[in-house]
Amino acid sequence: MAEPKRIPLRIFALLLLISTSAFQILYASDDVDDAIFYESFDEDFDGRWIVSQKDDYSGVWKHAKSEGHDDYGLLVSEKARKYAIVKELDETVKLKDETVVLQFETRLQNGLECGGAYLKYLRPQEAGWKPKEFDNGSPYSIMFGPDKCGATNKVHFIFKHKNPKSGEYVEHHLKHPPSVPSDKLSHVYTAILKSDNELQILIDGEQKKKANFLSADDFEPPLIPPKTIPDPNDKKPEDWDEREKIPDPDAVKPDDWDEDAPLEILDEEAEKPEGWLDDEPEEIDDPEATKPEDWDEEEDGEWEAPKIDNPKCEAAPGCGEWKRPMKKNPAYKGKWHAPLTENPAYKGIWKPRDIPNPDYFELKKPDFEPIAAIGIEIWTMQDGVLFDNILIASDDKIAASYRETTWKPKFTVEKEKQKDEESETESSGLAGFQKKVFDLLYKVADIPFLSDYKLKIYDVIEKLEKQPNLTVGILVAVVVIVVSIFLRIIFGGKKPTRVVKTNVEPAETSTSQGSGENEENKEKEESAAPPRRRPTRRDN
């Protein structure tokens, strides 16, 4: 019986990948049914989202692809504009007894120097707003997302809560929110509001902040007001003394204390420096200056040559009348003040008394207003801000599955591309630096006093060019060589042999002269010969 054929490993891996992708698609389609609200922007937003018609909001929204992907999103297309757009939900979302997850993606394709990329979760229209008039004043329940400008760099989480005593809506800001990622990649922001009053802020699925809605340490101002407040009608008594120390009333100024002594006095020990030119002015008329031809003395007055520094004063210690310098007066004490002593009438820093806070209330959990619409109302100096995959769910597992199927594949591709670009930038930057180093070394080799060692230096450079990764070693090696040669020239040369004049035969003289001419001609030939060609250097 024939053995069954084995499936090649590559085919098996491909089948596994296809099955996994199919499972994720099916899983994501199931999650769509579980989501309270989901907007993928696969279809054009026109007719489904309502753009504000307020005059201030002139920014144009576009249905566009994310750079490098076939995935569509809602794009901020113009710089330095205000934008406002809103989507009404089919059913209002209550934020009271169950877990609610708010999640969306943004990609700052051109960065974000100053602007917002957050969402507003709006209250029902009965609160006093209309979709076509959506603006900054439209009442929201929660505002969540990135905001960056100047010193501001945070992922906002703000909720508005009605004080049951005063009836006023108060904004409560999350303290110490996480920062906005500083790259141009797709990022997903998640806020998990749990039924036990816990809030979790996630960026790219990683928890960045945990807070409690009832904690005064997590929100400013705190959701629950203090039980007592300072009495606004309380006033400090007139005889209340807040001075901890006072001038000693028993202190007396010493008899030798001279308040009129000056801070500085003439230095009587100073002597005029030798060579001081008493009769020379510090400035003289410029001898090279001439009166302009169009100078009219009747209109312009008598012409005077411009002044220049007296050149005689440059070499002298000084010119003109010599005066004694001033020095610090050792007898100077200044104005006398009595020393401080403990104040017997000191009562401390006055504070108004505390009274019961009329706006105080107790609360077991926040009474959030329901969400009836999702709006984006921002002002930004950058274009290229892309919103995508806006989700409201009742389970953080649903939000996690969306991150895996919609955000993570895009982010992985973008991250790999970013790494490749950074690697290319580093490589080209290093190659450019190396080229500059070798150019500099060849110039060093051309210095006249190194001419006798030029060929040796060329040999070293040629060998090092074959190993361009040793750039630092190259610099050190050549510097050592140049310094060694320099020191050898200065300190290590042999003393020249003394030439003794002697009577020599004419024939010998002729021979000697001929030898000298040969050597001179040889040197000329060597100097006239073409220099050694430098090796071709890489430009990349």
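For all residues, glycine too, the Cβ spot is worked out from N, Cα and C.
Features of the protein shown, as given by TrEMBL:
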SIGNAL    1-22  signal peptide
DISULFID  C114-C149  disulfide bond
REGION    214-321  region 'Disordered'
COMPBIAS  232-255  compositional bias 'Basic and acidic residues'
COMPBIAS  256-287  compositional bias 'Acidic residues'
COMPBIAS  294-303  compositional bias 'Acidic residues'
TRANSMEM  470-491  transmembrane segment
REGION    503-540  region 'Disordered'
COMPBIAS  531-540  compositional bias 'Basic residues'
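Around C149 (disulfide bond), a 10 Å sphere centred on its CB holds 14 further CB atoms from the protein chains shown. DSSP states for the compositional bias 'Acidic residues' (256-287), grouped as helix (H, G, I), strand (E, B) and coil, give 0 helix, 7 strand, 25 coil. Residue environment of C114 (disulfide bond) contains 14 other Cβ atoms, counted within 10 Å of its Cβ in all protein chains.
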